Amino acid sequence: MDLQSQNLNSHPKGLSVLFFTETWERFSFYGMRALLVLFLTKVFHFSDPDANRIYGIYTGLVYLTPLAGGYLADRYLGFKKSILLGTILMMFGHLSLAFETKPFFFLGLTLLIIGVGFFKPNISTVVGRIYEEENKTHMKDSGFTIFYMGINLGGFLGPLFCGYFSESFGWGYGFGVAAFGVLFGILIFLFGQKRFSDRVFKPGKKHRIDEGNKYSPLTREEKRRVVIILIFTAFAIIFWSVFEQIGSSMNLFIDRHVDRNWFGYDIPTPFFQSLNPLLILILAPLVASFWTALSKRNWKPDTSIRFVYGFLFWVWAF
């Protein structure tokens, strides 16, 4: 990452709006996630398998619905309407959870699943489009890196605030804090719209595929890349499937079997959900500097090798 990329003033003005909108949305998402399984087992008295099953279904649908949300935005709604619709649905979803009753709880989860589907793919698309609009595509990678830091900032703060309020005042307050997080994101996005051109939010143009190229066979290099993508995808599925235990079985394990007393203060279980994003915020710049130093010495592993290194550390951790 060069100096120009590191200078935030050189990035499109809209990046800061998207950064904080995403931060507050992730604040609510990860804050609620830190409470979900604990709430199911302690308030509704679900068994561990049932609580984990509900968590798994919710998480799976949260990853699935962005496919539909992206399609609807690109074909019909546009990105601005989709982002606003998604955040509004998520806000009411968290408010529904705050009632602490089963009908409102499952209504809340449904609203959250649909809301994330509209929000998540489209705000990321807008990040890419603001760089294309201002002819700064060479800075797009560093822009997404900054955007990713916003995700982790929200992931760090959400469990702390939602966990504190749920522990100190009750579960409903924890979910209510998550709702206020989304509200802040909505307000930031609404008041920051003047930083974007109207073209950024319009659905993309349709592209015709040349009939001659449509059925042409893949080259050897293209086949190799497809195989690599499939391999990486398989490992990514394994990684995220196990990683999501942080919010389910590991959350229950920490709550019941880890000594959380620190100098006489019992650390709320949701606080531990903040460790992963905190370490990313701290270590990511250090790791990036390490790769930069290696590249200056003409020895920098390609992306696939670095992926393997990360996967091995992950296996070691478990």
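Note that Cβ sites are derived from N, Cα and C of the backbone, with glycine treated the same way.
Per TrEMBL, the stretch carrying the note transmembrane segment among 29-47, 105-123 is 105-123.
Proximity of the transmembrane segment (105-123) to the transmembrane segment (226-243) is not established, fewer than 3 Cβ-Cβ distances being under 8 Å for residue pairs spaced 6 or more apart. Remote same-chain residues near the transmembrane segment (53-73) are listed as 36-37, 40, 46, 79, 81-82, 86, 109, 112-114, 116-122, 125, 203, 240, 244, 247-248 (criterion: CB distance under 8 Å, separation of at least six residues from the stretch ends). Of the recorded ranges 82-99, 226-243, 275-294, the transmembrane segment (144-166) has the largest number of C-beta contacts under 8 angstroms with 275-294. Within its own chain, the transmembrane segment (82-99) has Cβ neighbours under 8 Å at 21, 25, 28-29, 32, 69, 72-73, 105, 107-112, 114-120, 122-123, 126, 171-173, 175-176, 178-179, 181-183, 185-186, 189-190, counting only residues six or more beyond its boundaries.
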